[in-house]
Structures are given as C-alpha cells and as structure tokens.
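Read through the structure below, which is laid out as structure tokens, and then see the notes.
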Amino acid sequence: MLQNPQEKSQAYPRRRRPGCYAYRQNPEAIAAAAMYTFLPDNFSPAKPKPSKDLKPLLGSAVLGLLLVLAAVVAWCYYSVSLRKAERLRAELLDLKAGGFSIRNQKGEQVFRLAFRSGALDLDSCSRDGALLGCSLTADGLPLHFFIQTVRPKDTVMCYRVRWEEAAPGRAVEHAMFLGDAAAHWYGGAEMRTQHWPIRLDGQQEPQPFVTSDVYSSDAAFGGILERYWLSSRAAAIKVNDSVPFHLGWNSTERSLRLQARYHDTPYKPPAGRAAAPELSYRVCVGSDVTSIHKYMVRRYFNKPSRVPAPEAFRDPIWSTWALYGRAVDQDKVLRFAQQIRLHHFNSSHLEIDDMYTPAYGDFDFDEVKFPNASDMFRRLRDAGFRVTLWVHPFVNYNSSRFGEGVERELFVREPTGRLPALVRWWNGIGAVLDFTHPKARDWFQGHLRRLRSRYSVASFKFDAGEVSYLPRDFSTYRPLPDPSVWSRRYTEMALPFFSLAEVRVGYQSQNISCFFRLVDRDSVWGYDLGLRSLIPAVLTVSMLGYPFILPDMVGGNAVPQRTAGGDVPERELYIRWLEVAAFMPAMQFSIPPWRYDAEVVAIAQKFAALRASLVAPLLLELAGEVTDTGDPIVRPLWWIAPGDETAHRIDSQFLIGDTLLVAPVLEPGKQERDVYLPAGKWRSYKGELFDKTPVLLTDYPVDLDEIAYFTWAS
C-alpha cells in the first residue's frame, strides 16, 4: 500500500532551515535575501503536480461512491418491487396485468388464465387481508376486480375471482389455458361429438352456454351441462350462476374462452340492474384430481335425496320409439309385450313413446290407435309390466288444449308479454309451457296425475326441455336472467314420479332423483353420436353430478339416413352396444334382439342375466351411497389412480364404483383390444389374476359374445 508522500519524505535526514539567526550571523546572506524580494508583477509560481500514485486512489473513490449510490437505488427499487409483488400475490396465485397463474404446493403451475377484454392497471391494485382488488384497467377505465383467497381445508386452496365492468355494453372475456399435452380437462357439457378428456377442434366464438338439442341441430352444447371443469392437475373451476355465460374455444392455443355479455344473447340482466356484465368464478386447487373433484361436488352441487326404483337398475327398459316410431298403436304395444316374454326376457318396464295422443299437447290416448287403452293397461299389468308414457313441454296449435293454455296464460310469451310465443320443434309448431308459472306447473302435473290414476301409469319419460326450443326473445311469468333455469323448472316436473321417470335435460338438477337420459344416438360406430361417444358422454355427465344415467337405446335410433346397416343397426354394432349398456346404470332396448337371429337373442339374454346377477347389486349399493357422498356410480380409471398419467387419457374403459373395471370392444371387426389395469390386484372374468400392475394388456382376446371386465381382487 502506498504511503503518504509527507510520511515518505520523513525517512530522509532533515536539513536545517536558515532561520533569522543565520541571517544575523551572515551579512552576505541577508543582502542576498533582500535582493530576491523584488519579483516581476506577472510572475506565477509553478503549480505543484499531484503525485502519479494519487490518481488511482481518486478514481477508486469516485467509482466506489457511484457503486454505493447504485446499490442504494437498486435496493430501493427492489424493495418497492418486492412490496408490489407481495401485494399482487394471493397465496399461490400470481397476478399480472394480463392475467394470473396458480401453482400447487410443489410449486408446479396448474392453472393459467389471460384477461382478453382488457388488462389491469397494477398501480390501482391493493390488498386488504385475503382480498386483492383493482379499480382501473390499463386504459384508465373504471372496473370492479377482486381475487379473494379461501382455504376451506388443509389440502384445498380456492380463489374467488370477479371482473365487473362499470359501464354497460362491453363484454368481459378471459381465456383459460388447458396447458400442455400432459394436462387433461373434463366436464362442461354433453356434446354432439364427445371426447374424454376434452378435445378442442378449430375455433369457436363464444356462444350462450345454455341447454340445447345437439341431435336435431348443430348447437354447440347439449341438454345436460354445468359451468364446471376439472383438470388432471388437480385444479377445478366453477363459473358463478349470476354470470351471463358464453363459452368458446381456440384449439391453436388450447384455451377455453369464458365470456360474459348482455348483447346478442338470451341472457337478461336482473331486474333493476344495468347491463354491465360480470365474469366471476371460483378456482380451487387440491392434492389430486379425485380429491379436488369430491370437494367441488360437495361444495357446489346438490345431491339426489332419493334413489330410483330397484327394478330400474336391474331390468331393461323396452321402448316403442325406434321399433315403431309414430306408428305405434294398441296392437303393436301388446304384440311387443308378448314378444318380450316369448323370448324369455323379464316383464319389466315398457315405455309407450311418440305418438299415442290425437295431437301433441293432448293428455289422453288417440281412440283410433288405442280403442281400449284401459284394457291394454290391464293386460300389461297382468303380464307383469310397468308402463311409462312419453310427455313433452309443447302444446301444438291444433291440440284441444291450446285454447285453454292461451286463455289461462300458461305459455311462454313473446317479449311484450301479450301473446304466446310459437316455436317450431321436431313435431310441428306450438306453444311452450311456462314452468316458471305456478298455474302452468299445476296444470301440467295435474294432467299427469290423472293419467296415472286412470291407467295406473308407472311414470313418465320427460322429453325435450332444452332452451334451444324457446324463441330467441321471450318473456316468462318469473323473469329468467339465465334461460337454462327454464330447463331446471321442467325437470322438477318429474319429482312426483321419480322412481321410474327419465328426463333428458339437466342444469343444476342433481337433486332430481330420477334417470337422466343421454340425447338420442345414431346407429354408427364413431364419436359423433355413435357407440364410441357413449363412454365419454356417461363419464362427462357423471362428473357433472348426475349419477343415474340412461344411455338411450341399444344400437341407437335406427333412423334410416343416420344408420350404418340399413333399417336396423349393424348386427355387430348392436351386439357390442348391448354389451356396454349391460354395465350402465340403466339399460334400454327398442330394436329388439329377435330382429336379428337366435345368436343375438342368446347374447342379449346372457347379458341381461349378467346384469341382474353381477352389475345390478353393485349399482344399487353405490346408488344408496350417492345420497350421502355425491360420488359418481360410473367412474373414470383415474378415480382410483389420480396420479397415473395413462389413466387420465383412457376413454374406452370405465369403473363401476372402485371394484369393477369394464373394457368393451368398440371397433368393428375386432375380437381383441388393449386393456389398461391400474395399480392393484385384478381378476378377469376368465379367472386370470393380474397382480403386477399397472400393466397394459395388448391384444387381449374378447369374443363377440363377451365383454372384458375385471374385479378388484385385493
């Protein structure tokens, strides 16, 4: 280290300076000194140069000062950023101007969402305990936005999110990303082309998320739907009931488009409120997909309070629809019942479908087609049959009941409320009963009770009920901000007849203790309303909280232009279909097995017997548990293996409870299939024990008269 220059000079011998005493001793020196006091006026003494050793030290000092200042500034900025980041974090949720993401306890991102209708001004955000709120968009527009954190249990963290526009007319849209290929999502709605897990195709602009008939139209969503989606990464989202909810998707970025709007839509703002849309939802994250689903079902869905009749689980339903269509009459019904018994099937449940009345909207039998309906019912009862009738919410203009409905104001009306609104449905033009009106409800149920009393009708098949059959603009006795509530009111008509009733719409209707029927199927193999769509549809409806499911008729509707194989379903398709149906909560025939040959009849008898001995007891046991747990009867494989990535993808196998695994053949010309067994000990229907699992059994042999099933053997 360099020393001070003065200190360095002190190391040399000191010279004695000539002081006054010296001058006094030497006159010559005094004279010389006097001579040097006279200097020129412009004389400038030489400036002392700083030492070369001093320059590095000065540079270091300046640099050090700058570094200190930079460190202070950086620390201040970091402190502000840290406080801001802390302000914009809600537990495991990180809020950005353009959206937010959520991590699980392991730090893995399990949910990501983007704000598509605007960004947040983060400087307008503040937190108050568990509530994080923002008051401005990045464009300076006012809004009401908050995220509230709730921990309902140790293993579950939930976030209540709400974005409400301050001004009417705008739409609010958020994009929920489905994640990478390893993330799988389930739920939403019954669809025309049904996949499990959800598979996005192309682009879909947001459409009203309301009940629709996907069989008769190209509507985006089916008759059973809920605002609920579930991820294999243990995240779930439930959109609030108050939202004017529209749903679209973008397959390129793998996102669902969640939108709230009041323009160009059947949704209406609540009375007295401006049409300022609100998009609000709850996102919950748990430890695994099964446990978070159980939490969401218990928290947000109703449960059935009762269980349908045991015979509905045990015995097949025999419907006249696909066999006779609208040409049904008394002789055909009696002949059908006779053939059922002649081929040694149980006298179980016979359903008289469309059309047995003089006109649509009447509530009695057409005396031409059914000259002695009372005698027909007596003979069917004596043979051991329980008989149900097809009903619907329409009253056609040529019905004897139409004038009464107009006079008593029983129908859904046009927007002014002065006239009934007429609609076109698959059987003509008519009015629609307004089930928000107590008078219409009493009138409809009164007619059903009279039918039951007069003919000893066991119950009813409640067809239609989708919002897509209401006019675009309408009014009801009680205003409907959410039009799907009309569908729910219709399902409530089944409550007095629940034991053998079936409905085909479901929206917040999990408490209706009857069977929910999937929309009609075509007699084809594929995912577009065909056999391959059956298991994905049943699993989807199960996840939406509907445990009692009727997967429509064996073989499909057999509509000529929508049938593979002619006027009846292909023989092989029919056999494979009845094998799957035998393991579903309910089983229904219309095209009877004797329309083919003796072998098909024998296979149908075999599976009807297997259902009665093996499947029905388990179904009834699980049905009894539903009223307490809300757990589905038909379950995906991941239900017992939530961490198994392979189980998340399988759409051609299912569980009944936790102990019976079913793997049907769903492709033409196949008598083998790959079967995936999750971890555990499984015994096949052939007696084989598989204890080294999980395992994929490739090309497992399954004959035409078989279905592969395995029971839990531990």
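Backbone N, Cα and C define each Cβ position, glycine as well.
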Which candidate, of Asn250, Asn346, Swiss-Prot gives the annotation N-linked glycosylation site: Asn250
Where Swiss-Prot places N-linked glycosylation site when the choices are Asn240, Asn372: Asn240
Asn398, Asn511 - the residue Swiss-Prot records as N-linked glycosylation site: Asn511
Largest tally of Cβ atoms lying within 10 Å of a Cβ, found at which of the active-site residues Asp463, Glu466, Asp528: Glu466
Secondary structure at Asn250 (N-linked glycosylation site), reduced by DSSP to three states: strand
Predicted model, mean pLDDT over the topological domain 'Cytoplasmic' (1-56): 46
Cβ contacts of Asn240 (N-linked glycosylation site) (under 8 Å, same chain, 6 or more positions away): Arg227, Ser280, Tyr281, Arg282
Cβ neighbour count (within 10 Å, all chains shown) around Asn511 (N-linked glycosylation site): 16
Integer Å distance between the CA atoms belonging to Asp528 (active site, proton donor) and Glu466 (active site): 20
